[in-house]
Amino acid sequence: MTPETSARKPELRVLLCAPRGFCAGVVRAIDAVERALEIYGPPVYVRHEIVHNKYVVEGLKAKGAVFVEELDEIPAGTTAPVIFSAHGVARAVPEDAARRNFFAIDATCPLVTKVHREATVHHKRGREVVLIGHAGHPEVIGTMGQLPEGAVSLVETAEQARLFQPRDPGNLAFTTQTTLSIDDTAEIVAILRERFPAMVAPHKEDICYATTNRQEAVKRVAPAVDAMIVVGAPNSSNSQRLREAAEREGCRHAVLVQRAGEIDWGVFGAIASLGVSAGASAPEILVEEILDAFAARYTLRVETVHTAHEDVFFPLPRQLRSDAAE
Ligand code: SF4
């Protein structure tokens, strides 16, 4: 491009949310698959998308990971590792893997495991567990599957919280999915608390630090921009919540985009300011791809808006640490 054409490009102020993108649980899960491939060689079986991002999944496939939805898709008698995704699995899954003599490696995020433990403790203490979350999400299936069928009641909306009828209103506890909207969840919890004041709450918030920090950054940036892009997959809960948070803060054009090719230039081709964030499962390289696409049309003035500092790190699953050491 000649300096003359570049001079004609309009200016675009870009506010880049920080933190954004990969969280410690996602980094650990992807590392687990990569390390397993290095240590044991391909194939490495992964139950469900290791994290909700097609780019990441395709990259791991190219290195020899084989993604399956259920264990019966894995050949009987294999000695290859079978990795459970960051979202966690129902108790029946590792039990089934043990029956099949599979070498299972659990890459469930430790913050999801914390929720599993809470639900189990409440159940042991005879409490009915209310799980606030989205039906059908793998994390919700995994958390509900920690307890016998019927022991967990799922509440998805404020309306359901108003109508919920527990077996014993004096003996309730709640947990939540880790990737929910902070504001929606606060509303649901407030309704339940008002109706059931004795309801036991988590010691520490179940919505994880990464979800919280990314939503706070989006809430700061969204009111100050004409449009907002959240890099992330449609099946990524935390990415969807970021888009909704931007919309709720008054940003008229807040969209979820997986790759630069999806950008609707009818909307994004005539703006003066843009906010950019990325869900916890979206790699930074895709944020760069999006910025490059804008740089081809605009002269960018990029500012980073920091709202929190993150230094969370989770070590690899135990089996991988000891086998790597050997
Ligand atoms: S979003 Fe939170 S709970 Fe989910 S993997 Fe990341 S850190 Fe863990």
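Heads up, the Cβ atoms here are built off N, Cα and C, so glycines get one too.
Caution: TrEMBL annotation is automatic and unverified by curators.
TrEMBL names Cys23, Cys109 for binding [4Fe-4S] cluster. Of Cys17, Cys208, the residue it gives for the same site is Cys208. Between the CA atoms of Asn238 (dimethylallyl diphosphate binding site) and Thr178 ((2E)-4-hydroxy-3-methylbut-2-enyl diphosphate binding site) there is a gap of 9 Å, rounded to the nearest whole number. In the three-state DSSP classification, Cys208 ([4Fe-4S] cluster binding site) falls within coil.
Excluding Cys23, Cys109, Cys208 themselves, the residues of that chain whose CB lies within 8 A of the CB mean position for the [4Fe-4S] cluster site are, in sequence, Ala24, Gly25, Val26, Ala86, Leu111, Val112, Thr178, Thr179, Tyr209, Ala210, Thr211, Ala280, Val312. Cα spacing between Ser236 (dimethylallyl diphosphate binding site) and Glu139 (active site, proton donor): 11 Å, rounded to the nearest whole number. Residues from the binding-site residues list (Cys23, His52, Cys109, Ser236, Ser237) with a C-beta closer than 6 Å to any atom of ligand 1: Cys23, Cys109. His137 (dimethylallyl diphosphate binding site) sits 19 Å from Cys23 ([4Fe-4S] cluster binding site), taking the CA atoms of both as reference points.
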